[in-house]
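Worksheet: the structure to be examined is printed underneath.
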Amino acid sequence: MMNLKQLAGEYAAGFVRDGMTIGLGTGSTVYWTIQKLGHRVQEGLSIQAVPTSKETEVLAKQLSIPLISLNEIDILDLTIDGADEINNDLQLIKGGGGALLREKIVATSSKELIIIADESKLVSHLGTFPLPIEIISFSWKQTEKRIQSLGCETHLRMKDSRPFITDNGNLIIDCIFPNKILNPNDTHTELKMITGVVETGLFINMKSKAIIGTKNGIKEY
């Protein structure tokens, strides 16, 4: 069976041109973009990249992709990243890999955001996939209760029987909204007003395009 993630990831690498400074997302689909870019760098492509996670940083270094800090530049030409859900308005849920804060910082520092995914990530309404929320660890139970007051079911993300810790030293609360997320803008705003919430996995109002791997080939949105 065709690997639809690989199809989308490698296709998106074609948007990267010589001399660009780009953002590299995190996850199983972007993995294929980074692999493709590594091959192109070996063939002479000259780029600089900002990784959105330690995982991506390690992979990029293994492939000899030159890395820089976001502090060294004003704006990125392009960021390529994956998504856990994509609705008809190209609003996203991201953060399944736990890198949502750095992913959002990099995405909002880019002229253009290309989202890559397989067709299973397309939805009419966001919210079937749990919405990740990054929170500080201090008094996290109080923050969780305030999040629950918005009508969602919450779970502290775990890894190896311990709380999952982000690259920023924070925790992740995964939230299920029983009636889906019908107004992502309002939900994002309400969550960000809760003290202790650092960032949400809702990526909205961004200049983006989506590259979707389907059984019939690539579709662009």
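Cβ atoms are placed via backbone N, Cα and C, with glycine included.
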> Since Swiss-Prot lists THR26, GLY27, SER28, THR29, ASP81, GLY82, ALA83, ASP84, LYS94, GLY95, GLY96, GLY97 for substrate, which candidate among LYS54, LYS121, LYS141 does it give for that site as well?
Replying inline: LYS121
> Taking each of the binding-site residues THR26, SER28 in turn and counting other Cβ atoms within 10 Å of its Cβ, which one has the fewest?
Replying inline: SER28
>> With an 8 Å cut-off on Cβ distance to the THR26, GLY27, SER28, THR29, ASP81, GLY82, ALA83, ASP84, LYS94, GLY95, GLY96, GLY97, LYS121 Cβ center, who else from the chain surrounds the substrate site?
In response: GLY25, VAL30, ALA117
>> Tell me the coarse DSSP state (helix, strand, coil) of SER28 (substrate binding site).
In response: coil
